[in-house]
Amino acid sequence: MEYGKASFLKGRISVCRQNFFSRLFKERIFGKCDSCFFSAGATGALIADPYSAAPRGPSRMAASRLPILLAVAFSSLSCILSHSNREMWFQDLFPPNTCPINAKANTFYGIMFDAGSTGTRIHIYTFVQKSPEKLIELEGEIFESVKPGLSAYADQPEKGAETVKRLLDMAIDAVPPHLWKKTPVVLKATAGLRLLSEEKAQALLLEVREVFEESPFLVPEDSVSILDGSYEGILAWITVNFLTGQLSGQNQHTVGTLDLGGASTQITFLPRFEETLKQTPGDFLTSFEMFNSTYKLYTHSYLGFGLKAARLATLGALDMEAVGGQMFRSSCLPKQLEAEWHFGGVKYQYGGNKQGETGFKPCYLEVLKVIKGKLHQPDEIRGSSFYAFSYYYDRAVDTNLIDYEEGGVLEVRDFERKAKEVCDNMERYNSASPFLCMDLTYITALLKEGFGFRDSTLLQLTKKVNNIETSWTLGATFHLLQSLGITY
Ligand SMILES: O=c1[nH]cnc2c1ncn2[C@@H]1O[C@H](COP(=O)(O)OP(=O)(O)O)[C@@H](O)[C@H]1O
Ligand SMILES: [Ca+2]
């Protein structure tokens, strides 16, 4: 995939003032770029699950008071501002403040759907161009999600497409009517659909395509598809490194990214050593050009190694044929537990080891069977720091390792410490998810035994960077705008 000579990036990208009020989904966000400071108008209770289908108040995007201006100076991306009232590890990397004051804006939108294995999400990005010769700005993002994901509708594709339509109605509300025809809409599905049969996946995609065709938006060719796993990693890497200003200027200190989804997991980084390139299998390396630079990235997507797929693998239930009323037991679950769990449209019965062992040690051994020897371990990453998001973030929040809004920096050993604490005291964590012990143990084993990270490896747990979701969707939107020749 070529990302190079990104003419649409000949612009300034900024994230400016956001005001909020509710309409559809009780929520609608206006972007107004007349200041470089987030004026977080509304504040309120934090919401525990950022991706639930339930409507939420305006506080969700309002809590960050991080003022930002990310800029692309004609054909080379550069970040020209970041003030922060809190410590961020990339803080020093932002050059000094410059702030556009001309508020007369020409606004563009891009709509990107992420059809993930556990939910479907809409990202509506707003870009502003103040005059043809001026730099373009990424003004903000409107984000909403529904659960479950499309793959849960494998046998009811029309119902699945209906969930997409509900989210798309939100875009109809957010994008001004005179821009509908110029606003591209795209859906990319990830591991949930990759795991379905070709026939079922295509039926779902076809229904979604019909929803798009009936909408007033610009529907590009190939607007509904399954995203290749390696692009999922690359596009998330672009998003994070773009938002943190790492793709600009001479001194690029790009950061590696770790995404832990429900059904697959990705690792992506820019190798620094020739040795790494030599030792890496060819299909783990992908070259692309962006912001006038060529990057040869190490990236791999492990299908079936997402958090929820790993639960099934640990329980020995990954092979769906074998399900038929069987009870799957694990030492990672509370002893007396017997329950049902739905994933990917399939019902599983699972429970604790009533007679046998429970706790961290036996659980770790169980989980190791799923991981040991299955992942490539690049030497170079052992001492590097990585950005980690998705379920790494969620489980760290669930166990108070990090704050929901702020995120934070953890060492790999923090996950292990927490896993031990939870697994060896399951009765104390009864009210939390019964899978908490298994999930934390899996994350620990994945990081240490899977990828080969050190106990002391630093992880920057991040849900949003500069108030934009850390998701592959922003990278995908850049690519979309470029391929459509929507230049700025
Ligand atoms: O836009 C986003 N920003 C941050 N995290 C996200 C976003 N979208 C999904 N996630 C996280 O991804 C995880 C679910 O993975 P997903 O459903 O995408 O599975 P998949 O990637 O295996 O298809 C959850 O932890 C959810 O919080
Ligand atoms: Ca995902």
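Using the three backbone atoms N, Cα and C, a Cβ is placed for every residue, glycine included.
Some features that TrEMBL has for this protein:
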- Glu232: active site, proton acceptor (ACT_SITE)
- Gly262, Ala263, Ser264, Thr265, Gln266: ATP binding site (BINDING)
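When the binding-site residues Ser264, Thr265 are compared by the number of other C-beta atoms lying within 10 angstroms of their own C-beta, Ser264 comes out lowest.
Its own atom aside, the Cβ of Gln266 (ATP binding site) has 28 Cβ atoms within 10 angstroms in the protein chains shown. Within 8 Å of the centroid of the Cβ atoms of Gly262, Ala263, Ser264, Thr265, Gln266, where the record puts ATP, the same chain has further Cβ atoms from Ser117, Thr190, Ala191, Asp259, Leu260, Gly261, Ser301, Tyr302, Leu303, Phe305, Gly306, Leu307, Ala309. Non-local neighbourhood of Glu232 (active site, proton acceptor): Thr190, Asp259, Ser264, Gln266, Ser301, Trp472, each in the same chain, at least six residues away, with C-beta under 8 Å from its C-beta.
For ligand 1, the neighbouring binding-site residues among Ala263, Thr265, Gln266 are Ala263, by Cβ distance under 6 Å. Within the same chain, residues at least 6 positions away in sequence whose Cβ sits under 8 Å from that of Gly262 (ATP binding site) are Gly116, Ser117, Thr118, Gly149, Ala191, Gly192, Gly306, Leu307, Lys308, Ala309, Phe343, Tyr391.
Remark: Ala263 (ATP binding site) has Ser117, Thr190, Ala191, Gly192, Arg194, Leu195, Leu303, Gly304, Gly306, Lys308, Ala309, Gly344 as non-local neighbours, by Cβ distance under 8 Å and separation of at least 6 in sequence.
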